[in-house]
Amino acid sequence: MSLPLPHQGPESTDPESSPQPVGYIELFYDLIFVAATMVLSNTFAHHATLGTAGTAVLMFVLVWLLWFHSTILMNLERRDDGIQRALIAIQMLFIILTTLAFGGREDTSVDYVAFGYGIALLAVAAAHHRASRGSGTSARWAAVRRNRLLQAGVLIVLGIFIPDGTDFIFYAGAIAILILPTSLRRGSRLPIPRIDVHHLTERAALLTLIMCGEAFVKVSLVVSNGSITRSDIIAIVIEFVVMFALFWTYFDDVPLAGIRRGALSAEVWLLAHLPLQIGIVALAIGMSKFLQVTAGDVHSEAIPVLVVAFLGIYGGLALVGMLGERMPQQPLLFLRLATAGLALTAGVVVWSVQSLSPGMLVVALAVLAVAHGIIASILRGRTSVASHGSSVIKAN
């Protein structure tokens, strides 16, 4: 089963170029997301309420969308000069300032968060403006994206001056503009640029690795705050098992499966990594809550957080797989959805039955992750990936 997508614009007439490696400036740019993710996860971990969870996820989505738009731009035009580095530096500075302002939002107005994010967004728009000054399909494409980024920026600025309570309408509009794929423009005759699949899959894989690394750091910091007990060691071992099962599942499949033809498929494929990476961060938070024992009892918040983590991880993998070129898709899709469903069922049972402890859920989820990895490996052996002779693919 493939995810149905609307017809896209005409094929680009730009000459085909060979794929290029990910630049060091992109790797350096990714580092700021280590700090931003840690700040956001700590904010929720210290105030584990439904409201905090929602706002923390929203802040993560906003920061992640900056990475998304920057990555798509670098996919179309690989530029690493002084001005580009300055724009990246501005982005990085205001990303961390924005997340820090969010972390201390009890003492900070939401307008400061909006202002910092608006500056980072303008830096992304400026980078698109530079790309739009060239010629060819990529320049016209960059101009469309620049205009959308500026529209979102205007809504955010207006939200700053709107009284609290109604400003969320402007912020919601900005998010909708940022998250809607540029390729999804019905009736548009704007040619769709060619997508460097190798670059895009590598960028997604690298950020996924960063989220996995944040999970290790998060749990290690919690354990290091006190003496290491036997239960801590068991929990750390279980987390390593789950993370390696996830590594096995993702990296033996997604980077090798490619992306369906078309820029819209590429954008949606990259967006599908958002729930996956939110799930990885939630897994780290859930394990840290599991390790925080008060009066001999594990915090019950660990149960819903861990369940949401598995829903995000395997739901995201299902979406990513539907936009890949591995065929047939149905067996792996069913496996991923079944894994998410079993995780949800296990969470509901443990939450409802008082005699079952959160530790039982953690063990069950670890077994589920390993079983998924084994079965997925077997199923992948019965599939094939279409080859187009190049990692640079054209639009439909």
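Each Cβ is built from the backbone N, Cα and C atoms, and glycine gets one as well.
Just so it is clear, the model here is predicted, and its values are computed rather than measured.
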Feature transmembrane segment in TrEMBL, mapped to one of the ranges 142-161, 302-321: 302-321
Distant-in-sequence neighbours of the transmembrane segment (233-251), which means Cβ under 8 A and at least six residues beyond its ends: 205, 208, 212, 215-216, 219-220, 223, 280, 283, 287, 290-291, 313, 317, 362-363, 365-366, 369-370, 372-373, 376-377
Criterion met for the transmembrane segment (359-379) and the transmembrane segment (86-104) (at least three Cβ pairs under 8 Å): no
Spatial neighbours of the transmembrane segment (86-104) far in sequence, C-beta under 8 Å, 6+ residues away: 25, 28-29, 31-33, 35-36, 39-40, 42-43, 55-56, 59, 63, 66, 70, 112-113, 116-117, 119-120, 123-124, 126-127
